[in-house]
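Copied over from Swiss-Prot:
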TRANSMEM  20-40  transmembrane segment
TRANSMEM  60-80  transmembrane segment
TRANSMEM  111-131  transmembrane segment
TRANSMEM  146-166  transmembrane segment
TRANSMEM  178-198  transmembrane segment
TRANSMEM  216-236  transmembrane segment
TRANSMEM  257-277  transmembrane segment
TRANSMEM  289-309  transmembrane segment
TRANSMEM  347-367  transmembrane segment
TRANSMEM  379-399  transmembrane segment
TRANSMEM  404-424  transmembrane segment
TRANSMEM  429-449  transmembrane segment
């Protein structure tokens, strides 16, 4: 009986591990898994001048192989995935870790925040480029099957992409269950096509020798660094391994990489290389020309599904990043809609969705081909990778306390490779790479303005503020009329009297029997346990101070959290509790702290941001807002 039970539990564990691995393949590896569609095509037809001959093909294959091994296998799987913030990954989670690591060094902490914002800004640019270049590259395969259909590539791609964005608000819970099996099928097909190609020209297996990569740099010194700008296309999506860690955990992501994804990618790239050795003209689209003629149309269909799944993963990643950034105070509050009753992580943010859709449509119309878009792709990818390395450097040295003699050589290796890839893409800024730079610059400006504006706003509100003990003392001297019920005043400063409370006293000249000064604290960790959710302090005379702590992945539901507050005499009965909010109207001035044009920008962002009412899930019929004007 016991033995049978243990076998059953072991079988259930194995089944769960396998299902997690398949799910990880469907979500995490869509982007990097569709890179074979365009990487070698861009290398040999992207204007780099790489000769399609024996040494050129083997040199490029060796560069791709060892880039995958160093950047993805070594850097991300072995190191970056260990830099989790209580299980969560991604740019914002890593920025929160780096902030914690550099807390004793204010200037270094500011630098880490800037690097985090740059990385996040470039990720949004990547979130527009990935759907455009992936779907275009898949649909372009139809041009090989049908003559004269090339002019339909852009319209068909637009239909697919617009449909993808239109269904976002309905969620992908049901169809999402198919993502894993479809992507597993995709990788099996990649591997099979690769084996088919290699069998016709096993000579390509020599590229496992890194000497061919070194030889390429020696023979083509002027082209060596520049070609890395195309080779990096094989690494697009590496950041997703870290960004999606919170959904699956480090082990399933690592196992999926080594067991399926890496072998399939290497086999396919080498198979394409084998075809190029046999027929240099195949450089116009080596991926599709690797397939037998009868398999071309089914392959186009499968590739289109794979690229849609890759695009979905990036879009979902943008939603998740936005929620984290909102909680950490880097982005104005937006309405977050949950699309699944079971999965808390499945969310929809309309403003992000429509912004991404407009960007993707403009990219497809403006660039018209995956090859033209490739230049823009590399800048966003390498910039994000470089920022991740800088952030993890602070974590390794200051938080993990790794010995410098061990950490510094590894970090120098990471920074050197990332720096070379980024430098190779800098010249592409004038060839189309300006898009992610401009998009990232605009987003960085918005996020930094919002963060700085909120800091100044709190400082201005605090100026001349009345300390809470002084206010309570005055109440004891001249007691106002008290009414039944609980008044909750939201305030950023728990030690000062909120403006809403002062205005309420001034205009209504009454106080509730219980007055709660509530401060919501956003933590640099993803989730806060319920037992650590609140701090309560009683001041006497019916005054209480409550601090509610939320992580950047928590839902800041204030009424639900207040139900957990247990203190004698403190009553949060819904129909006896009224929430008082301050609604600030910002006026840009010439006061120190922020230039006037940025002050106007912050005022615009504040005016259009979601208020505390919706963000904290406050009951609409129990909220009173009191306005105030603030100069910044």
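Backbone N, Cα and C atoms are what each Cβ position is placed from, and that goes for glycine too.
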_Can you see whether the transmembrane segment (216-236) and the transmembrane segment (146-166) are touching - at least 3 CB pairs under 8 angstroms, only pairs 6 or more apart in sequence?_
no
*Can we call the transmembrane segment (178-198) and the transmembrane segment (146-166) in contact, meaning three or more C-beta pairs below 8 angstroms at a sequence separation of 6+?*
no
*Annotated stretches the transmembrane segment (289-309) and the transmembrane segment (379-399) touching (3 or more Cβ pairs under 8 Å)*: no
*Determine whether the transmembrane segment (146-166) and the transmembrane segment (20-40) share at least three Cβ pairs under 8 Å, counting only pairs 6 or more apart in sequence.*
no
_Suppose I define contact as three or more CB-CB distances under 8 A, residues 6 or more apart in sequence; do the transmembrane segment (379-399) and the transmembrane segment (20-40) meet it?_
no
*Could you name the stretch, out of 20-40, 257-277, 404-424, with the greatest number of CB pairs under 8 A to the transmembrane segment (60-80)?*
257-277
_Which residues of the chain, 6 or more past the ends of the transmembrane segment (20-40), have a CB below 8 A from one of its CBs?_
60, 64, 72, 130, 133-134, 137-138, 176, 179-184, 186-187, 190, 230-231, 233-238, 240-241, 244, 247-249, 252-253, 255-257, 259-261, 264-265, 268-269, 272-273, 276, 283, 286-287, 303, 306-307, 309-314, 316, 370-371, 374
_How about long-range neighbours of the transmembrane segment (257-277): same chain, 6 or more residues beyond its ends, C-beta under 8 Å?_
21, 25, 29, 32-33, 35-36, 39-40, 44, 52, 54, 57-58, 60-61, 64-65, 68, 72-73, 77, 184, 187-188, 190-191, 193-198, 200-205, 207, 234, 241, 283, 286-287, 289-290
